[in-house]
Structures are given as structure tokens and as C-alpha cells.
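> If you scroll down you'll find the structure; I have some questions about it.
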Amino acid sequence: MTSFQSTLGEDEGMAAELAENQRAISIAEFFEKNKQMLGFNSGARALVTAVKEAVDNALDATEEAGHLPDIYVEIEEAGDYYKLVVEDNGPGITKEQIPKIFGKLLYGSRFHAREQSRGQQGIGISAAVLYSQLTSGKPAKVTSRTQGSDTAQYFELVIDTDTNEPEIRDESETSWDRPHGTRIELEMEGNMRARQQLHDYVKHTAVVNPHARLELKEPQEHFKFERATDELPEETEEIKPHPHGVELGNVLKMLDATNSQTVSGFLQTEFTRVGKKTADKVIDAFRDRHFGREMAWTPPASHEDGDVARAVSSAVSNKGADATAAFADAVADRVQEMDRVAHQHVRRFVDEEAEAVEDEYGKNFGETVRENAVDAAWRAITGFDANEPDQSASEHLIADAYALADEATSKRKDDETVRAFAERLAEKFVPDPEDADAWRGRFTRDAVREFVDRSADMTEEREDATFGDTARENVTTAFWRVMRTVPDDAPLVSDLVGDRDAVSRLVHGMRETDIIAPPTSCLSPIGADKVEAGLRKEYDAEFYASSSRDADVHAGDPFIAEAGIAYGGDIEAEGQADLLRFANRVPLVYKRGGCAITQTIKGIGWRNYNLDQPGGSGIPNGPVVIMVHVASTNVPFTSESKDAVASVEAIEDEIELAVREAARELKSYLKKQQSMRKRQKKQNVLADILPVMAKKVADVTGRPDPDIGDALARIMNNVLVEREVSEGDGEQTVTVVVENHSDRSESPDVTDIVDREPRDVSDGANVVEMDGEWFVKWTPDVPAGEEARLTYTVETDATLDLSVSEVEGPKLTVSD
Ligand SMILES: Nc1ncnc2c1ncn2[C@@H]1O[C@H](COP(=O)(O)OP(=O)(O)OP(=O)(O)O)[C@@H](O)[C@H]1O
């Protein structure tokens, strides 16, 4: 304890004095002092954040109303301040809501909705109003016209920071030329030092929202991003939470609020993807933790040390010999039919057979008789004796335990060790007759593990053997597998409310149960095609790849990770790759280092994907743009300013998988490029030396020079395209020969352009005339090792121009 604290403790008057100064703090006051939490920590950043909040809202509102967004942003110098105007063509806001939306922090429509939207907390735009009033002292000016209304509403308002309530300074009806929408005007202290971030935000917003028209007018520049598509993103639907990943606190709250009485009803009504069957599975998993399971032993017939029929028969008195024998035999038969039998089975068989015998013999088999019968049968099966204080495990139980342990442990353990272990373990199941649960063989998994541990420890000590953790876990699992879920009714919702331990077991049950992934109707991913299209729109690269993963769940909220890669072309080759981060279609422009997206990219070994990565970790170098989008009904951000995605394992894993998917495509492209470069190099060398060699050979042998093109194509296993011409009477017959020296079938596009009309064109050609030139095009399928001959005739003085595509350059030899 510090001396200050000890003084406080001694002096009660001090506590009272301190108490006088203690009072609740309004949320508005809190954020007034903690502007950085909302992204208003500097004048430069404040402008970007205010634009972002207003534009995000405008996009959310227009899309939700089914309108193609048309958003205008203007930043203007106004004396010592900057004036920001953001206008949208959304549905507008009603007169009653305007003051609360702009004049009250934590007021919004999205906080409780499980549906993807840019806005989440209901803080964004009111925080911008707060910052503007704090720095300029001016009220926010809001104009809004709802669809179908002749007039617009105009408000001037500020936030009362003591009460976090709007204070209206002016209010009137006005006219506005937009048929519907909202316009907000804020004056604030600021500067344009973050111009680049502002441009990035608007530009990247346009990339991932191709359906939006965006206009940004700032003191120096004016951008217009026209819409690239009239297709709105798919409409999203609100969903309930998914059972995987909901936290204990939430489940406690939900149990408190639900109208359902049974846990099954609760699971089915409050969660997505839970029907009766899934609810039953969750409840079974819950039961296993809550009640434990019942040990099931093999029936005694195989061991011949327990006679169930005789035991049951002697437990029944006064029911007549026939009825007693029929009942005892029937119970014994039912037991024998089982591979393994647990106490619950015996209870069921006794009840069912008692009823059958009652019907047939007219004797009453009441509860006491039945209980005696269950006890007797169970004793016969297990060898347990309720009257024997120091009983030990029967040979039958030891043999059962041995069989399970033997199968679960490695073959290298010697038989004696396993037997000694099994004897000790079987002993642990022998109950104290006073303990009703143990008597029925009911134990939790932890209890079984403890039995195993104690038996293994003892075996290690006495038998000088080793019983490692894996062996212990395997034996526990082997026992747990044969144990049966208890049939007891699950507690009701009213029993669970407030019982943290029991609810925690329910939450574990929910997590353990296989449940299909949540519906993705609540999400609006960009889609792999559009990710690539967005990159193509923005970057002139030589290669693009993209991926969009299936939905996964975090904290009951579904999410999807998407990635795109652009490589080469005009992308800056010097320095690190460019990383574009997006969350719910909003570009993230700040806190790059503290973002899970950046961390995940840094953790990938990019050298495996043929990129340069100094030191083997970190952002790779080279002409690369990596884009990552996380879409979720609740993106976990590191702070309210929503600059960076928090480090959540499930999300990081999916980001990594999405990026690796795209990176694999990049790798095979780069590998191919590399092998093409090698091939080209080899070909260049050959093209230099072959003519020299050919000349020498021709000189020595006195024969004409051989055809170099042909030889080169054969050596390189290329596709060789050659033109042969035979001249006749004023006309020539042209033959284009396609020889395929490679080891796979090829279908090159072969085009000869001639300036006279060709005739007798061979089959399969497509002839198009344009401005006095004829394009004669074939796409022959040429199997490996074969050739195709393509012919036509044309006047002798025609000029010819041969071109070939659809075969990679270094694999092609054209001799015109
Ligand atoms: N331009 C607009 N048109 C229509 N409704 C709007 C507009 N701007 C805001 N709203 C409504 O006001 C609410 C509050 O907006 P605000 O920016 O404060 O929070 P949010 O967008 O819900 O969440 P966040 O704090 O994460 O930005 C929104 O949820 C939306 O219902």
C-alpha cells in the first residue's frame, strides 16, 4: 500500500471530501476530452474523419433506400476555419429525428442490428458536430428532405455536452432542389495537410463502390468519380446471432430477455441456423458438461460372472412365479442385446418390461419393485455391492477397462503395465454406495481424466513405466466415447438465468456442436470479380488476382475476408508493396501498423510467392498492390474511430487464407514469367549461334544453307509458323504452315493481312475487310508433333503481313 493510500484509509473525512467531487460523466463530455478516440486528434485528421463519417452515412442511407448514391463533398476555406458540406440523395431524415441524429452521441439505427453497414455505433456524425462546435463555436447546419415531401427541414443545432442532448438554435421549413436527401454543413478548425489521405479515402471509396457517383471539391482540386455500374450491392438482411462465438455475457443477457421457457426454444428462436435437431445436439453437449455421462459396461454374459435374470428375479417378491420369471428374463434379454449397457438402459428396460408384464399378467409392478429390480440388475452387470464397504472392481470391469486402455495406448506398452493400469482404473469406478451419481456410473470428463491420471501416476511409480499425456488423453477419450449422455431433462431457462457456470456449459455446448455457417444474406461482400475490376480500374498492372472466402463467424457475427493483388505494369517498383485496407467497403486510411490486416500481410512468407521480402518477414517489396476487404455485421475495430481492424484470430486466419489464395495465382504467374525469360534467353543464344553453325556446315558439305527457323523451333519445342508462297500466272498461292513442335496441343490465332481480295481461302478461316485490307484469320487446333496447312490465293503484287497470337512469345517462332 502506498503512503498516500494508507493516509486515505486512516482519514475517513478525506473519502467524504473526495466523494463531493465524484459525479457521473456524460458521454459527450467524455469524448470532448478524448477526441482522439473518435479520430479528431488533429486539425488535418479531423477534416478527413468528418468527411468519412458523413460519406459513410450517405452511402449507407442511399443504399438502404435502394437509391444509387450521388454524393457531393465540398471543403472550403472560411476565414480561420474550414467549411465542410456533404450532400446525399438518400431518403432524408424526419424532422423529429434530425436533432437526435446530429445532436446526441450514441444515437443510431445500426448498433443492435446484425447486418453489414458502414456505421456501427451511432457516434460518427454527432462526433463531427461536437468537434465542429468545440473548435469553431458554430452550430451544425442540417437540411433534409424526405422522399415525397414538398419542402425540406432546416436545423441549426449543437450538442449540450452536460446532458448529451441536442440544443436547437434555429429551425425552419425551406426549399431544396434535391427531391430527397440530406445536407450537412460544419465549420471547424483544420488544415489540408492530410490531403493525400483525403484523396485516398475518396478514391478508394469509389473503387469499392462502383455504383456510387462521388464528387470532391476542395480548395485545390476537384474530382468526379462517375459510377461504373447501375447495379446496387445486393440488399442485406438482418440476422440473429450465430451460436458459434457468442460470448457468455451476451448469452446471459439473452436468457434474461427471452420469452422462451425451454433451452431448446431459446436456442431456436434467438439464434440463426438452429432448428430442433441442432438444438438437441447443443443440449446433449451441454448435458455432458452439466451432468457428466454414464459409464456403459459390456453385458455380463460375455464374462459369465453375473446373472441378470437371477438377480432381478430374486429382487421381485409377491408377483407370482410366472410374472416374475417373464419380467426377469425379458430384462436380462434386453441387457444381453446391448454391446454396452449403462444405468439409464437398465432403468428403461425395467420400466418397459414391467409395463408389458403388468398388461399380460395383471400384476402391479410399482415403483419400489422397479427400483429394486434396477439395483439388482445393475449389481449383476457391474459386480458392485451396496452392502460391501471395501469392495473391489470385478474381473468383468477390469477386463472392460483393459480392453479400452489397450486399444487407446501405443502398442509399445507392455501388456503387464496396461493390465496393472486397467486394474487401478477399474477400481476408480467402484462407487461409494451413498454417492447416487457414482453408483449409476455418472462422471464428468474431468473426473474420468482424474481417474486416468491417478491410475497412470501410480502405474508409473510402481511398474516403472511411462504414461505420457497423449496416452492419458487417449484413454480418457476412449472411456468418454463409450459413456452415454444422460437422459435427464435439461434445466429450464428460468433455472439458468444468473447461473454463470451452467450458462458457460451451454456456451461451450454451442461452440462444440457442428452448426452450418450463418447465412450471408446479412453481408455484402464485394465479390472476387469486382475486387479485380476495382483494381483494374485504379491500377494499370500486368497481372491481377482476387479471392473471396466463404463466411466464417466471430463472436456470433458472420464475416467474409476478400483479397486482391495487382502486379507489375505501371505500379511503382521501388520500395514496399501498397496495401489497401477496407472494412465494410470503407477504406481504412489511418493506423496502418496497428491493423490486423497489416499484421497478417507482414506475417506471410512472401518469398514463397516469389516476391522480395527482406529478412523473410514484413511487407514485401516490388511492384505490388495488395487489397484486403473484411465485411462483417460487426467489424471489431481497435477504437471508435474505426481506423484499424482489431487482432481477432478467426478474422486474421481468414484474411491470411484469402491473401494466400490470390498470392498462389501470383506465384504461378511469376514462375511462368521466369521460365519464359529463361526460354527467351536460351532462344536468343541459339538465334545467334545457329546461323554461324549452319553456314559452316553448308560450307563444309557444299549444300545450301539449312532453314534456321525450322531448326530453332525444333530445338526449342516451339510452335513454328511459316509462310510459303508459290507464284503462278499473275497470282500467288499462299500457304501458312503451323508446325507444333511442343508436347501439347496448341490453337494459335493466325492472321494474314492482305491488301487485295483473297480467294479460295481454306476451311475454317474468317475473312473481314476493313478500309481496303482483308484480315484472313484461322484458329487451327494442332496436336503435339503435327502441322496444319492454311491456304488462299491472291494477286502477285499483294502485300502480306502475318501475325500470330494465343501462343506465348518465347514458345513461338514466326518466319514470314
Ligand atoms: N445522411 C443520412 N441520411 C439518413 N440517415 C442518416 C444519415 N446520416 C445518419 N443517419 C442516421 O443516423 C444514425 C446515426 O449516425 P452516426 O453517424 O452517428 O452513427 P452510425 O453511422 O450509425 O455509426 P458510427 O458511429 O459507426 O458511424 C445512423 O445510424 C442513421 O440511421
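Heads up, the Cβ atoms here are built off N, Cα and C, so glycines get one too.
What you see is a predicted model, and the numbers here were worked out from it, not measured in a lab.
Straight from TrEMBL, here's the annotation block:
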- 42-161: domain 'Histidine kinase/HSP90-like ATPase' (DOMAIN)
- Asn57, Asp88, Ser109, Arg110, Gly119, Gln120, Gln121, Gly122, Ile123, Gly124, Ile125, Ser126, Lys642: ATP binding site (BINDING)
- 652-679: coiled coil (COILED)
> Applying a 10 Å Cβ distance cut-off over all chains shown, what neighbour count does Ser109 (ATP binding site) have?
14
> Determine the minimum-neighbour residue: among Asn57, Gln121, listed as binding-site residues, which Cβ has the fewest other Cβ atoms within 10 angstroms?
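If we count Cβ atoms within 10 Å for the binding-site residues Asn57, Gln121, the smallest count is at Gln121.
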> Which value in Å gives the longest Cα to Cα span across the ATP site residues Asn57, Asp88, Ser109, Arg110, Gly119, Gln120, Gln121, Gly122, Ile123, Gly124, Ile125, Ser126, Lys642 as recorded?
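Greatest Cα separation within the listed binding residues comes to 22 Å.
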> Using DSSP, how many residues of the domain 'Histidine kinase/HSP90-like ATPase' (42-161) fall into helix, strand and coil, respectively?
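Each residue of the domain 'Histidine kinase/HSP90-like ATPase' (42-161) counted once, the result is 42 helix, 32 strand, 46 coil.
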> Quick one: give me the count of other CB atoms within 10 A of the CB of Lys642 (ATP binding site).
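Summing over all protein chains shown, Lys642 (ATP binding site) has 27 other Cβ atoms within 10 Å.
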> In sequence order, what residues of the same chain, 6+ apart, have a Cβ less than 8 Å from the Cβ of Ile123 (ATP binding site)?
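Once residues fewer than 6 apart are set aside, Ile123 (ATP binding site) is near Phe31, Leu38, Leu105, Leu106, Gly108, Glu640.
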